[in-house]
Amino acid sequence: MALKRSNFFVDKDQQLKDNLILDITDLHVNFKVKDGILHAVRGIDLKVERGSIVGIVGESGSGKSVSVKSIIGFNDNAQTKAKLMNFKNVDITKLKKHQWKYYRGTYVSYISQDPLFSLNPTMTIGKQVKEAIYVASKRRYFQAKSDLKFALSNKEIDKKTYKSKLKEIKQTYQQKIKPINVEKKTLEILQFIGINDAKKRLKAFPSEFSGGMRQRIVIAIAVATEPDLIIADEPTTALDVTIQAKVLTLIKQLRDLLNITIIFISHNISLIANFCDFVYVMYAGKIVEQGLVEEIFTNPLHPYTWALISSIPEQKDKNKPLTSIPGVIPNMLTPPKGDAFASRNQYALAIDFEYHPPFFEVTKTHKAATWLLHPQAPKVEPPQAVIDNITLTKKALQFKDQ
């Protein structure tokens, strides 16, 4: 079985441009709960370039995970609406529940924050990696046949080309699922992710590995399917700092080697700074600032971004008290009027409590939704902690370029 993708192709004027792999417009995700409607995501746009690492950062409850789970149909009982969710020129808003399986785990892989719940405790790790290879290969084979048949019926190719390509597809599939080739690929992946004595460990169960190693195995399964996109949803939260660094380095190496696109979710803005190419800052179900990682950390513009950066522990003065953001995220059953961050924002203007700010564009890639960027707004300097961080970031970037 395969998904008849021709039924889900976007219109010609909506086709992806500029090396994009994902384009989401005006995404809303609501949940019907006992006390009413929970407005988890409130009209966000996301653009993701092929081969990039895109970070989404914000406090717990800001809507990060819900946003990306909508890309793989993981939000059970959610009311999801969007003007467009274009993944590789397929509008995934049109997919029915039973159709998600043709994309999930094949074209898009998901890495959760707790590897213990991602792995089957009754199956060896070798069997789990091999299963991912077999299932993804089979789905890609049937999908390729379906797409080829569509091309023939649409007169994009002639019968001779159809037969030739069909034979090629079948031969490729048969080679991929040969047990000897699956075993070889499994060993190569496990060795690459740092599993010592991989051939022997193929028969080991998840419980025989540490938390860091289990997360590496989850990454191995995600990569084994040869996806175009990997969603890493706080994949290092349950790991200690040294293991975090190793796992992030591994993910980056896989991106560079396989040209996989990665969406990285975190509440830790310092991880985002060291790992991502492009950043979306999210608060109360909305994007409040976005830009290249260099722009966000050398010229942060939204007070919420300032607050996140200010909360990074001071490296030089270890006796300096930690900075925290006062207050809590508002109740999304009844989202506040105006800017949702206004009640926690010491720089808030009167207009913030009445009207939500539009995006003010600073560069083609950098923009922020704050009234402080309005031409008539008073000039406000960011906190000293942010200014210090900007100085350090600029020095680090200069050193990196040398």
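If you go along the chain as it appears here, the first residue is 1 and each next one adds 1.
In case you wondered, yes, glycine gets a Cβ from its N, Cα and C as well.
According to Swiss-Prot, the feature domain 'ABC transporter' maps to 22-309.
In the three-state DSSP scheme, Ser60 (ATP binding site) is classed as coil. Long-range Cβ proximity for Ser60 (ATP binding site), meaning a same-chain Cβ under 8 A and a gap of 6 or more residues, is found for His267. Positions annotated as ATP binding site by Swiss-Prot, on the basis of sequence analysis: Gly58, Glu59, Ser60, Gly61, Ser62, Gly63, Lys64, Ser65.
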Other CB atoms within 10 A, centred on Ser62 (ATP binding site): 26
Sparsest-packed of the listed binding-site residues (Gly58, Gly61, Gly63) - C-beta count within 10 angstroms: Gly61
Cβ packing number for Ser65 (ATP binding site), 10 Å threshold: 20
List of residues, in chain order, with Cβ under 8 A from that of Glu59 (ATP binding site) and at least 6 apart: His267, Tyr283, Ile325, Ile329
